[in-house]
Ligand code: S3P
(Lines of atoms letter the chains of each structure in order from A and count residues from 1; the text may use other names and numbers.)
(Lines give C-alpha, C1' and ligand atoms only; values in the text may rest on other atoms or scores of the structure.)
Protein backbone atom coordinates (compact mmCIF):
# COMPACT_ATOMS: atom_id res chain seq x y z
CA UNK A 1 0.00 0.00 0.00
CA UNK A 2 1.34 3.44 -0.96
CA UNK A 3 1.20 6.21 1.62
CA UNK A 4 1.30 9.81 0.42
CA UNK A 5 2.69 12.24 2.99
CA UNK A 6 2.01 15.87 2.10
CA UNK A 7 4.69 18.52 2.80
CA UNK A 8 4.80 19.11 6.56
CA UNK A 9 5.71 22.65 7.58
CA UNK A 10 6.28 21.82 11.25
CA UNK A 11 5.97 19.13 13.93
CA UNK A 12 5.13 19.53 17.57
CA UNK A 13 4.08 17.42 20.52
CA UNK A 14 4.99 14.95 23.23
CA UNK A 15 4.74 11.23 22.62
CA UNK A 16 5.64 7.77 23.82
CA UNK A 17 6.97 5.12 21.48
CA UNK A 18 6.17 1.38 21.61
CA UNK A 19 8.16 -0.99 23.81
CA UNK A 20 11.73 -1.88 22.95
CA UNK A 21 11.93 -4.67 20.38
CA UNK A 22 15.23 -6.12 21.62
CA UNK A 23 14.06 -6.16 25.25
CA UNK A 24 10.65 -7.65 24.34
CA UNK A 25 12.18 -10.60 22.44
CA UNK A 26 14.50 -11.37 25.35
CA UNK A 27 11.89 -10.83 28.07
CA UNK A 28 9.50 -13.26 26.37
CA UNK A 29 12.23 -15.91 26.11
CA UNK A 30 13.46 -15.59 29.70
CA UNK A 31 9.89 -15.47 31.06
CA UNK A 32 9.10 -18.64 29.06
CA UNK A 33 12.05 -20.41 30.72
CA UNK A 34 11.18 -19.21 34.25
CA UNK A 35 9.11 -21.13 36.82
CA UNK A 36 5.67 -19.53 37.15
CA UNK A 37 3.91 -16.53 35.65
CA UNK A 38 5.61 -13.26 34.63
CA UNK A 39 3.86 -10.18 33.32
CA UNK A 40 5.73 -8.34 30.59
CA UNK A 41 4.41 -4.79 30.81
CA UNK A 42 4.31 -2.41 27.81
CA UNK A 43 6.06 -4.81 25.44
CA UNK A 44 6.32 -4.22 21.72
CA UNK A 45 3.41 -5.92 19.98
CA UNK A 46 4.44 -5.89 16.34
CA UNK A 47 5.33 -8.34 13.59
CA UNK A 48 8.73 -9.33 14.97
CA UNK A 49 7.79 -9.85 18.61
CA UNK A 50 4.53 -11.59 17.70
CA UNK A 51 6.72 -14.09 15.85
CA UNK A 52 8.62 -14.66 19.11
CA UNK A 53 5.41 -15.17 21.09
CA UNK A 54 4.19 -17.68 18.48
CA UNK A 55 7.45 -19.63 18.41
CA UNK A 56 7.60 -19.87 22.23
CA UNK A 57 3.94 -20.95 22.35
CA UNK A 58 4.69 -23.68 19.79
CA UNK A 59 7.44 -24.87 22.17
CA UNK A 60 5.00 -25.10 25.08
CA UNK A 61 5.01 -21.72 26.88
CA UNK A 62 1.65 -20.10 27.49
CA UNK A 63 1.59 -16.48 26.33
CA UNK A 64 -1.61 -14.50 26.77
CA UNK A 65 -2.34 -10.90 25.81
CA UNK A 66 -3.62 -8.84 28.73
CA UNK A 67 -4.57 -5.45 27.28
CA UNK A 68 -1.28 -3.86 26.20
CA UNK A 69 0.74 -6.41 28.23
CA UNK A 70 1.70 -10.07 27.99
CA UNK A 71 1.25 -12.71 30.66
CA UNK A 72 3.72 -15.57 30.22
CA UNK A 73 3.42 -18.89 32.03
CA UNK A 74 6.94 -20.23 32.00
CA UNK A 75 7.70 -23.92 31.63
CA UNK A 76 11.02 -23.86 33.49
CA UNK A 77 14.50 -24.38 32.07
CA UNK A 78 13.77 -27.97 31.09
CA UNK A 79 10.08 -27.75 30.24
CA UNK A 80 10.11 -26.79 26.56
CA UNK A 81 8.82 -29.53 24.25
CA UNK A 82 9.41 -30.45 20.64
CA UNK A 83 7.17 -28.37 18.36
CA UNK A 84 4.79 -30.18 16.04
CA UNK A 85 5.84 -28.12 13.04
CA UNK A 86 8.50 -25.86 11.58
CA UNK A 87 9.08 -22.70 13.68
CA UNK A 88 8.50 -19.60 11.54
CA UNK A 89 10.58 -16.63 12.72
CA UNK A 90 9.10 -14.30 10.09
CA UNK A 91 11.38 -11.30 9.54
CA UNK A 92 13.03 -11.43 12.98
CA UNK A 93 16.81 -11.90 13.03
CA UNK A 94 16.94 -11.49 16.80
CA UNK A 95 14.39 -14.28 17.23
CA UNK A 96 16.03 -16.86 14.99
CA UNK A 97 19.51 -16.25 16.43
CA UNK A 98 18.57 -16.08 20.11
CA UNK A 99 16.13 -18.99 20.00
CA UNK A 100 18.84 -21.08 18.28
CA UNK A 101 20.83 -20.61 21.48
CA UNK A 102 17.91 -21.81 23.59
CA UNK A 103 17.11 -24.76 21.31
CA UNK A 104 20.77 -25.83 21.22
CA UNK A 105 20.27 -26.79 24.86
CA UNK A 106 17.10 -28.86 24.33
CA UNK A 107 17.19 -32.58 23.73
CA UNK A 108 14.76 -32.49 20.80
CA UNK A 109 14.49 -31.61 17.12
CA UNK A 110 13.56 -28.15 15.79
CA UNK A 111 13.43 -26.52 12.38
CA UNK A 112 13.71 -22.73 12.19
CA UNK A 113 12.81 -20.73 9.14
CA UNK A 114 11.61 -17.25 8.19
CA UNK A 115 10.61 -14.97 5.34
CA UNK A 116 12.72 -14.44 2.20
CA UNK A 117 14.77 -11.69 3.88
CA UNK A 118 15.57 -13.80 6.95
CA UNK A 119 16.42 -16.84 4.82
CA UNK A 120 19.01 -14.72 2.97
CA UNK A 121 20.77 -13.56 6.15
CA UNK A 122 23.92 -15.20 7.56
CA UNK A 123 23.31 -17.83 10.24
CA UNK A 124 26.83 -19.30 10.38
CA UNK A 125 27.68 -16.66 12.99
CA UNK A 126 25.52 -18.59 15.50
CA UNK A 127 25.74 -22.05 13.93
CA UNK A 128 29.55 -22.26 14.15
CA UNK A 129 29.89 -21.55 17.91
CA UNK A 130 26.74 -23.52 18.83
CA UNK A 131 28.19 -26.55 17.01
CA UNK A 132 31.39 -26.06 19.03
CA UNK A 133 29.25 -26.25 22.16
CA UNK A 134 27.89 -29.61 20.98
CA UNK A 135 24.62 -28.83 19.18
CA UNK A 136 23.93 -30.63 15.92
CA UNK A 137 22.80 -28.06 13.37
CA UNK A 138 22.33 -28.32 9.65
CA UNK A 139 20.85 -25.86 7.22
CA UNK A 140 20.93 -24.59 3.68
CA UNK A 141 24.37 -23.88 2.29
CA UNK A 142 26.05 -26.05 4.95
CA UNK A 143 24.24 -24.27 7.78
CA UNK A 144 24.93 -20.74 6.59
CA UNK A 145 21.28 -19.96 5.91
CA UNK A 146 17.84 -20.87 7.25
CA UNK A 147 15.94 -23.13 7.30
CA UNK A 148 18.08 -24.54 10.10
CA UNK A 149 17.51 -28.00 11.55
CA UNK A 150 18.69 -28.32 15.14
CA UNK A 151 19.04 -31.21 17.51
CA UNK A 152 20.19 -29.91 20.85
CA UNK A 153 21.26 -31.72 23.93
CA UNK A 154 24.20 -31.82 26.27
CA UNK A 155 26.30 -28.75 25.66
CA UNK A 156 29.72 -27.82 26.94
CA UNK A 157 30.81 -24.25 27.63
CA UNK A 158 33.29 -22.60 25.27
CA UNK A 159 35.36 -19.43 25.18
CA UNK A 160 34.45 -17.57 22.05
CA UNK A 161 35.80 -14.37 20.58
CA UNK A 162 33.13 -12.83 18.32
CA UNK A 163 34.44 -12.16 14.80
CA UNK A 164 31.81 -9.38 14.37
CA UNK A 165 30.30 -7.05 16.96
CA UNK A 166 26.86 -8.64 17.32
CA UNK A 167 24.55 -8.58 20.33
CA UNK A 168 22.49 -11.30 18.70
CA UNK A 169 25.40 -13.74 18.60
CA UNK A 170 26.57 -12.79 22.11
CA UNK A 171 23.04 -13.35 23.40
CA UNK A 172 22.57 -16.69 21.60
CA UNK A 173 25.74 -18.01 23.26
CA UNK A 174 24.79 -16.70 26.70
CA UNK A 175 21.38 -18.40 26.41
CA UNK A 176 23.02 -21.66 25.31
CA UNK A 177 25.45 -21.24 28.21
CA UNK A 178 22.54 -21.64 30.65
CA UNK A 179 22.35 -25.29 29.52
CA UNK A 180 26.10 -26.00 29.17
CA UNK A 181 28.55 -27.87 31.40
CA UNK A 182 31.33 -25.55 32.57
CA UNK A 183 31.72 -21.91 31.79
CA UNK A 184 30.70 -20.09 28.59
CA UNK A 185 32.67 -16.94 27.85
CA UNK A 186 32.00 -14.50 25.01
CA UNK A 187 34.40 -11.73 24.11
CA UNK A 188 33.17 -8.92 21.88
CA UNK A 189 35.33 -6.73 19.62
CA UNK A 190 33.27 -3.62 20.55
CA UNK A 191 30.53 -3.05 23.11
CA UNK A 192 27.09 -4.00 21.76
CA UNK A 193 23.64 -3.71 23.35
CA UNK A 194 23.68 -5.38 26.75
CA UNK A 195 19.97 -6.10 27.29
CA UNK A 196 20.58 -9.83 27.71
CA UNK A 197 23.08 -9.17 30.49
CA UNK A 198 20.67 -6.79 32.25
CA UNK A 199 17.84 -9.32 31.96
CA UNK A 200 20.05 -12.14 33.27
CA UNK A 201 20.58 -9.96 36.36
CA UNK A 202 16.85 -9.20 36.60
CA UNK A 203 16.03 -12.92 36.65
CA UNK A 204 18.97 -13.82 38.91
CA UNK A 205 20.77 -15.86 36.23
CA UNK A 206 24.53 -16.44 36.43
CA UNK A 207 26.53 -13.61 34.85
CA UNK A 208 29.96 -12.07 35.16
CA UNK A 209 31.10 -9.10 33.09
CA UNK A 210 34.75 -8.14 32.85
CA UNK A 211 35.49 -5.47 30.25
CA UNK A 212 34.43 -6.93 26.90
CA UNK A 213 34.16 -10.47 28.28
CA UNK A 214 30.85 -11.87 29.49
CA UNK A 215 30.57 -15.23 31.26
CA UNK A 216 27.76 -17.49 32.33
CA UNK A 217 27.31 -21.11 33.37
CA UNK A 218 24.63 -23.74 33.81
CA UNK A 219 21.58 -22.25 35.51
CA UNK A 220 19.39 -23.55 38.31
CA UNK A 221 15.61 -23.17 37.94
CA UNK A 222 14.64 -19.53 38.52
CA UNK A 223 11.37 -17.86 39.49
CA UNK A 224 9.14 -15.81 37.21
CA UNK A 225 9.32 -12.04 37.64
CA UNK A 226 7.42 -9.10 36.14
CA UNK A 227 9.24 -6.71 33.87
CA UNK A 228 8.48 -3.25 32.46
CA UNK A 229 9.76 -2.74 28.89
CA UNK A 230 11.07 0.78 28.14
CA UNK A 231 10.12 2.66 24.96
CA UNK A 232 12.28 1.72 21.98
CA UNK A 233 15.08 4.25 21.33
CA UNK A 234 15.28 3.00 17.74
CA UNK A 235 11.64 4.02 17.21
CA UNK A 236 12.16 7.34 19.01
CA UNK A 237 15.05 8.08 16.63
CA UNK A 238 12.65 8.67 13.71
CA UNK A 239 10.85 11.47 15.57
CA UNK A 240 14.08 12.97 16.87
CA UNK A 241 15.41 13.37 13.34
CA UNK A 242 11.99 14.45 12.00
CA UNK A 243 11.94 17.35 14.49
CA UNK A 244 15.53 18.36 13.70
CA UNK A 245 15.01 18.63 9.92
CA UNK A 246 11.51 20.18 9.93
CA UNK A 247 11.30 23.96 10.51
CA UNK A 248 9.80 25.36 13.72
CA UNK A 249 9.46 21.96 15.34
CA UNK A 250 9.77 20.67 18.87
CA UNK A 251 9.13 17.04 19.82
CA UNK A 252 9.57 15.34 23.20
CA UNK A 253 9.64 11.58 23.65
CA UNK A 254 8.90 10.32 27.16
CA UNK A 255 9.53 6.93 28.74
CA UNK A 256 12.23 5.96 26.26
CA UNK A 257 15.09 3.56 26.93
CA UNK A 258 18.42 5.41 27.12
CA UNK A 259 20.76 2.46 27.52
CA UNK A 260 24.19 3.86 26.52
CA UNK A 261 24.83 0.83 24.28
CA UNK A 262 21.95 2.09 22.11
CA UNK A 263 22.25 5.89 22.04
CA UNK A 264 25.26 6.54 19.79
CA UNK A 265 22.95 8.53 17.49
CA UNK A 266 22.51 11.26 20.13
CA UNK A 267 26.25 11.78 20.16
CA UNK A 268 26.55 12.03 16.36
CA UNK A 269 23.55 14.37 16.03
CA UNK A 270 24.98 16.61 18.77
CA UNK A 271 28.26 16.81 16.83
CA UNK A 272 26.19 17.78 13.78
CA UNK A 273 24.84 20.78 15.72
CA UNK A 274 21.46 19.35 16.77
CA UNK A 275 19.44 21.16 19.42
CA UNK A 276 18.89 18.09 21.61
CA UNK A 277 18.38 17.49 25.30
CA UNK A 278 17.88 14.22 27.10
CA UNK A 279 17.82 12.98 30.66
CA UNK A 280 17.67 9.62 32.38
CA UNK A 281 14.94 9.92 35.01
CA UNK A 282 14.61 6.36 36.30
CA UNK A 283 15.99 2.87 36.17
CA UNK A 284 13.31 0.42 35.11
CA UNK A 285 14.15 -3.22 35.82
CA UNK A 286 17.80 -2.61 35.04
CA UNK A 287 17.37 -0.34 31.99
CA UNK A 288 17.89 3.46 32.14
CA UNK A 289 14.76 5.30 31.01
CA UNK A 290 14.06 9.01 30.46
CA UNK A 291 13.10 11.65 27.92
CA UNK A 292 14.57 13.21 24.78
CA UNK A 293 13.65 16.62 23.34
CA UNK A 294 14.57 17.68 19.78
CA UNK A 295 14.08 21.08 18.12
CA UNK A 296 14.60 22.21 14.52
CA UNK A 297 18.31 22.67 13.91
CA UNK A 298 20.81 23.72 11.30
CA UNK A 299 22.81 20.54 10.95
CA UNK A 300 26.30 20.27 9.49
CA UNK A 301 27.97 17.23 7.94
CA UNK A 302 30.46 15.22 10.01
CA UNK A 303 32.81 12.26 9.74
CA UNK A 304 31.22 9.68 12.02
CA UNK A 305 33.55 7.89 14.45
CA UNK A 306 33.63 4.20 13.33
CA UNK A 307 33.60 3.07 16.97
CA UNK A 308 30.15 4.61 17.47
CA UNK A 309 28.47 2.43 14.83
CA UNK A 310 27.81 -0.65 17.03
CA UNK A 311 25.98 1.68 19.45
CA UNK A 312 23.71 2.99 16.68
CA UNK A 313 23.64 0.13 14.20
CA UNK A 314 19.87 0.35 13.59
CA UNK A 315 19.87 4.17 13.42
CA UNK A 316 22.16 4.53 10.39
CA UNK A 317 19.20 4.86 7.95
CA UNK A 318 17.73 7.74 9.95
CA UNK A 319 21.18 9.30 10.41
CA UNK A 320 21.44 9.26 6.60
CA UNK A 321 18.09 11.11 6.51
CA UNK A 322 19.53 13.78 8.83
CA UNK A 323 22.73 13.97 6.73
CA UNK A 324 20.65 14.69 3.61
CA UNK A 325 19.43 17.89 5.31
CA UNK A 326 22.80 18.94 6.77
CA UNK A 327 25.13 21.51 5.28
CA UNK A 328 28.16 19.77 3.75
CA UNK A 329 29.23 16.15 3.56
CA UNK A 330 28.65 13.34 6.05
CA UNK A 331 30.89 10.29 5.95
CA UNK A 332 29.61 7.14 7.68
CA UNK A 333 32.18 4.30 7.98
CA UNK A 334 32.16 0.78 9.47
CA UNK A 335 28.95 -0.31 7.74
CA UNK A 336 29.82 -3.89 6.71
CA UNK A 337 27.12 -5.26 9.05
CA UNK A 338 24.47 -3.07 7.40
CA UNK A 339 24.83 -5.18 4.26
CA UNK A 340 23.27 -8.16 6.10
CA UNK A 341 20.36 -6.57 7.94
CA UNK A 342 16.67 -6.89 6.93
CA UNK A 343 17.84 -5.50 3.57
CA UNK A 344 21.27 -4.52 2.26
CA UNK A 345 20.95 -1.19 4.05
CA UNK A 346 23.98 0.44 2.43
CA UNK A 347 22.35 -0.08 -0.94
CA UNK A 348 18.82 0.72 0.29
CA UNK A 349 19.99 3.99 1.85
CA UNK A 350 21.88 5.04 -1.29
CA UNK A 351 18.94 4.12 -3.54
CA UNK A 352 16.38 6.05 -1.51
CA UNK A 353 18.61 9.11 -1.12
CA UNK A 354 18.99 9.16 -4.90
CA UNK A 355 15.19 8.85 -5.27
CA UNK A 356 14.92 12.02 -3.18
CA UNK A 357 17.51 13.87 -5.27
CA UNK A 358 20.45 13.57 -2.85
CA UNK A 359 24.02 12.96 -4.06
CA UNK A 360 25.49 9.91 -2.36
CA UNK A 361 28.47 7.61 -2.83
CA UNK A 362 28.54 4.09 -1.39
CA UNK A 363 31.53 1.80 -0.82
CA UNK A 364 31.70 -1.74 0.51
CA UNK A 365 31.32 -0.51 4.07
CA UNK A 366 30.80 3.26 3.92
CA UNK A 367 28.46 5.99 2.72
CA UNK A 368 29.18 9.59 1.84
CA UNK A 369 26.19 11.89 1.67
CA UNK A 370 26.11 15.42 0.22
CA UNK A 371 23.67 17.42 2.31
CA UNK A 372 21.58 20.41 1.34
CA UNK A 373 18.01 19.10 1.38
CA UNK A 374 15.84 16.75 -0.63
CA UNK A 375 13.17 17.02 -3.32
CA UNK A 376 9.80 15.23 -3.32
CA UNK A 377 10.04 11.64 -4.52
CA UNK A 378 9.21 8.01 -3.88
CA UNK A 379 10.53 5.88 -1.00
CA UNK A 380 11.07 2.19 -1.70
CA UNK A 381 11.41 0.27 1.59
CA UNK A 382 12.97 -2.81 -0.07
CA UNK A 383 11.15 -5.08 2.44
CA UNK A 384 12.75 -3.24 5.36
CA UNK A 385 10.78 -1.50 8.13
CA UNK A 386 13.55 0.90 9.11
CA UNK A 387 14.16 2.02 5.51
CA UNK A 388 10.42 2.78 5.13
CA UNK A 389 10.31 4.90 8.29
CA UNK A 390 13.71 6.62 7.92
CA UNK A 391 13.01 7.85 4.39
CA UNK A 392 9.42 8.82 5.15
CA UNK A 393 11.02 11.14 7.72
CA UNK A 394 13.64 12.31 5.23
CA UNK A 395 10.98 13.39 2.72
CA UNK A 396 8.51 14.78 5.26
CA UNK A 397 9.34 18.51 4.96
CA UNK A 398 8.79 18.44 1.16
CA UNK A 399 6.23 15.65 0.83
CA UNK A 400 6.91 12.05 -0.16
CA UNK A 401 5.19 8.86 -1.31
CA UNK A 402 6.14 5.70 0.60
CA UNK A 403 5.56 2.45 -1.25
CA UNK A 404 4.66 -0.70 0.75
CA UNK A 405 4.20 1.44 3.86
CA UNK A 406 2.92 -1.63 5.76
CA UNK A 407 6.55 -2.69 6.34
CA UNK A 408 6.49 -0.39 9.41
CA UNK A 409 4.34 -3.11 11.06
CA UNK A 410 7.48 -5.13 11.78
CA UNK A 411 8.54 -2.85 14.63
CA UNK A 412 6.09 0.08 14.86
CA UNK A 413 2.49 -0.67 13.78
CA UNK A 414 1.23 2.82 14.75
CA UNK A 415 4.08 4.74 13.11
CA UNK A 416 2.00 6.50 10.45
CA UNK A 417 -0.70 7.67 12.89
CA UNK A 418 1.92 8.86 15.36
CA UNK A 419 3.68 10.88 12.66
CA UNK A 420 0.35 12.31 11.48
CA UNK A 421 -0.50 13.29 15.08
CA UNK A 422 2.63 15.47 15.36
CA UNK A 423 2.20 17.30 12.05
CA UNK A 424 0.99 20.91 12.12
CA UNK A 425 -0.56 21.77 8.76
C1 S3P B 1 19.74 -6.74 17.94
C2 S3P B 1 21.05 -6.62 17.59
C3 S3P B 1 21.50 -5.96 16.34
C4 S3P B 1 20.40 -5.11 15.74
C5 S3P B 1 19.08 -5.82 15.72
C6 S3P B 1 18.65 -6.18 17.13
C7 S3P B 1 19.41 -7.45 19.19
O8 S3P B 1 21.85 -6.97 15.42
O9 S3P B 1 20.74 -4.71 14.44
O10 S3P B 1 18.07 -5.02 15.14
O11 S3P B 1 18.25 -7.35 19.66
O12 S3P B 1 20.30 -8.12 19.72
P13 S3P B 1 23.33 -7.63 15.41
O14 S3P B 1 23.53 -8.33 16.67
O15 S3P B 1 23.32 -8.56 14.24
O16 S3P B 1 24.26 -6.48 15.21
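Quick reminder: no glycine exception, Cβ is built from N, Cα and C everywhere.
As recorded in TrEMBL, the features of this protein are as follows:
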- 314: active site, proton acceptor (ACT_SITE)
- 21, 93, 121, 168, 345, 386: phosphoenolpyruvate binding site (BINDING)
- 21, 22, 26, 166, 168, 314, 341: 3-phosphoshikimate binding site (BINDING)
- 10-419: domain 'Enolpyruvate transferase' (DOMAIN)
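Among the recorded positions listed (22, 26, 121, 314, 345, 386), 22, 314 have a CB atom closer than 6 Å to some atom of ligand 1, in sequence order. Within 10 Å of the Cα of residue 386 (phosphoenolpyruvate binding site), not one of the binding-site residues from the list 22, 26, 166 places its own Cα. Checked against residue 121 (phosphoenolpyruvate binding site), the recorded positions 22, 26, 166, 314, 341 differ in C-alpha distance, with 341 being the nearest. The binding residues for phosphoenolpyruvate are recorded as 21, 93, 121, 168, 345, 386; their greatest pairwise CA distance is 19 Å.
Note on proximity: among 22, 26, 166, 341, the binding-site residues of the record, the Cα nearest residue 93 (phosphoenolpyruvate binding site) is that of 341. According to its DSSP assignment, residue 22 (3-phosphoshikimate binding site) is helical. Each of the binding-site residues 22, 166, 168 was scored by the number of other CB atoms within 10 Å of its CB, and the largest score is that of 22. Averaged across the domain 'Enolpyruvate transferase' (10-419), the predicted model reaches a pLDDT of 98.
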